[in-house]
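Just lifted these from TrEMBL, have a look:
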REPEAT    6-93  repeat 'Solcar'
REPEAT    101-213  repeat 'Solcar'
REPEAT    222-311  repeat 'Solcar'
TRANSMEM  12-29  transmembrane segment
TRANSMEM  291-314  transmembrane segment
């Protein structure tokens, strides 16, 4: 079938709207995922998703669950727009012969989309992780200070509760640019590619084929609920599949560490230390959180994208004739 061609501006608007709606809905779960992935053995502040969210609200208030959301809401529009538009671009050019795309070509299109998106994804994730994990580091310091005050040693008795200094994305960006240049914002680029490229290779072909199952007629789009469910299922499947890479990426991009927590020199060093000190199950920390984030995020994205809100908005603009 030859679907109606959507203009590039419409694709960008659709992707942006989808990203904004999705991030707003699922950001607290994403914050919990980051904190669960970053905590290491012996320094666990949270036992589960619900425990993390409850403790976050108690110590940081309701809006504490949205720490780092401003970065995502600012950059998710170009990130989602690039990802969805790039996938369509590669699919279109790989099917120039008019034949149905093979699974291999669908995977190649997804690979291209995942590679393109890291231009925006890496700095976005870099900044978001610092802000999301700051509350966990501060809570750990407060707990240790409280324990020290209960100790009988003179040094411990003199300890004062740690006071959290709130930093902003702008401050982090300026410091990184001052100390490391533009490369500072791309710390963890290799791990981001390692996560996002396989994700897109799995997600886009799976979504396309699941969505086709809901088409009664090949010349008619699948109902919106089919696109939503297909996006949810494909997104959660791909998210769990690449979760080990997401754990590695999160650890590498964290600039601050809790007390006695490991530091890493690269992907191989991080993988080795996690395996040896925390066991293979550590690579799936936050997997269910990530699935809960990605499922509705991509479900909403696909509904908005395929309904074509942007086409409606662009059609409302006055037409200028020569």
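Note that Cβ sites are derived from N, Cα and C of the backbone, with glycine treated the same way.
Quick caveat, the model's predicted, so the values are computed rather than measured.
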Mind looking up the mean pLDDT for the repeat 'Solcar' (222-311) in the predicted model?
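It averages 86.
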Looking only at the repeat 'Solcar' (222-311), what are its DSSP counts of helix, strand and coil residues?
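For the repeat 'Solcar' (222-311), the helix, strand and coil counts are 70 helix, 0 strand, 20 coil.
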